[in-house]
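Okay, so here's the structure we're looking at.
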Amino acid sequence: MKGLRGHNKKSFWGNTRLSDLLWPVTLLPGLISAYQPVYLGSRQSSPFLPPQIPLGDSPPLSDTHEFTLRHIFHRGTYQDPDLHRRLDITPDTRLRAVSDAGIESDVVTPNTPLVASSQPLIIERLADRRLSVIEEHLVTARSSGSAVALSPSDWVMDTLPGPNVTEKKTVVALAMMTANDYIEVPGTGDWQDIHGRFNHSGSFGWQGDGLRGHVYADKTNSTVVISLKGTSPALFDGEGTTTNDKINDNLFFSCCCGQGGSYLWRQVCDCQTTLYNANLTCIVEAMLDENRYYRASLDLYSNITEMYPNANVWLTGHSLGGAVSSLLGLTFGVPVVTFEAVPEALPAARLGLPSPPGHDSRYPQSRRNTGSYHFGHTADPVYMGTCNGVSSVCTWGGYAMESACHTGQMCVYDTVEDKGWRVGLSKHRINYVIANVLAGYDDVPPCAPEEECYDCELWKFFRSNGSEITTTTSATSTSTSTTTSRTSTCKTPGWWGCLDQTTTTETTSTSTSTSTCKTPGWFGCKDPTTTSDITSVPTITTTEPPMTSTTTCKTPGWFGCKDETTTQVIAPAATLTITEPPVTSTTTGKHLGRF
């Protein structure tokens, strides 16, 4: 038996060739690739790739990260709507920093790392955050006029690594990312077109149009920060993105696109109907145009997350860039830290962003666990929502900044009380804020949600889809008239008037008007049909009988009869006559004009 076992073992190895042993190794690449993460809905041929849900190992919830600038994305909007380019930062790339005033500095090499730490953060967000699914929700909200109603199973409560907003170093590092606005020195950077539909060979000034995002990543690519460029500082239309930023500001943060307020405000839509009345459907249509910053931010986010599918994404921004970052954070459920951001609850409600069960989508400022934190100070009128008065610099610059409510939590430095500062727009610039507020305080302020805040309380908004039927019923009026008449000839005159019968007539009429509009217009109904029914109550006529008096005198005197005898006869009782009047119905007008 022992020999048999030894023979069989020897025979097995003896008949095996080397190629037979190596063939499983040739299958390893295929087996390994088969276990690569696969994302549903990926479109390799499309330039706009959906953001992915990482399927790999989760990064630690608390850690320290050293971020460096990796890419600059530029998404065209107005002038070049098909433009989407990317600049990869290499050791040979030379950049110029652009200051708050739009002045270019000397050549810099942005290789100094920015250190920030993370901590566990709970966010309630959609379970399926693919771009295609998000687009379906937005389309539904656009067509129905309200955010799509989702079941509780469509939402998850996730704990993920978020920025440590209680640490001063982290807050300052994120603010530095929003302050860093770079352009490349010609010849030192190679912009890559994400798709080939834009011919930039003869284009000049394309960097002055669109939305720009700076992408920072840590050493392990486990955490990525996207910083969006905010509003240009110039107050009057000029070069760069100033005009486009003003259009987006007035479209997103005004009650009605710069209408209904100061004549200095730049009007960016025509949706107001009457005083403090506006067509909300018209406003939302303008906000969702493809050349708006929110639409451009969706494309930026989707392409960046395609490059880093397993990374944890943070968003940050200043002013308009902070507001757009917050809208992105609410859309995809990622952490957001903004600085001096414009109050963005108003556009969040109008865009129809999905809201968890138990929250009213019309008031996104009431949501909890959004993962968004808005840092600012009380001397900044933009952040506080007060830069809209007649004498404010925003108004004189054409900006209609009427929104007042933030989503998420506000982290407010009370510089008016602590430092005695006066409110002014000069204190809105990010470099001033970093030097005098973020670095000037020893600790960061506590963060808390904004309570009892409402936007555009004087306004009334209505939605239209071309099929409304508006019915208006007028008030009912009742009139009573009393008419006293006499016979044309008095047959029995008396000392104090005629003794003939007196007729009293009372008439009561009720008028009801009902107007039905099948095709409403901007300034009234185009084809109302008005029906007036006049119904009169029965006429009541009372006839009083005449009084008959007979006098007989037997012994007349100087001043009258000395022995008069008076006999008084009263006619039968009064006669009551009731007359039923006809009911009159009148229909007028089928096609009224605009007014």
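The backbone N, Cα and C atoms fix where each Cβ goes, and this holds for glycine too.
Straight from Swiss-Prot, the features:
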ACT_SITE  Ser319  active site, charge relay system
CARBOHYD  Asn164  N-linked glycosylation site
CARBOHYD  Asn199  N-linked glycosylation site
CARBOHYD  Asn221  N-linked glycosylation site
CARBOHYD  Asn279  N-linked glycosylation site
CARBOHYD  Asn303  N-linked glycosylation site
CARBOHYD  Asn465  N-linked glycosylation site
TOPO_DOM  1-20  topological domain 'Cytoplasmic'
TOPO_DOM  42-595  topological domain 'Lumenal'
TRANSMEM  21-41  transmembrane segment
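Recorded features from Swiss-Prot, shown on the structure.
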{"residue": "Asn164", "record": "N-linked glycosylation site", "DSSP (3 states)": "coil"}
{"residue": "Asn221", "record": "N-linked glycosylation site", "DSSP (3 states)": "coil"}
{"residue": "Asn279", "record": "N-linked glycosylation site", "DSSP (3 states)": "strand"}
{"residue": "Asn303", "record": "N-linked glycosylation site", "DSSP (3 states)": "helix"}
{"residue": "Ser319", "record": "active site, charge relay system", "DSSP (3 states)": "coil"}
Asn164 (N-linked glycosylation site) and the residue listed as 'active site, charge relay system', distance between Cα atoms, whole Å: 21
Candidates Asn164, Asn279, Asn303 (glycosylation sites) - the one closest to Asn221 (N-linked glycosylation site) by CA: Asn303
Fewest-neighbour residue among recorded positions, criterion Cβ within 10 Å, set Asn221, Asn279, Asn303, Ser319: Asn221
Euclidean distance between Cα atoms of Asn303 (N-linked glycosylation site) and Asn164 (N-linked glycosylation site), Å: 26
Cα-Cα distance linking Asn303 (N-linked glycosylation site) and Asn279 (N-linked glycosylation site), given in Å to the nearest integer: 34
Cβ atoms near Asn164 (N-linked glycosylation site) (within 10 Å, other residues, all chains): 20
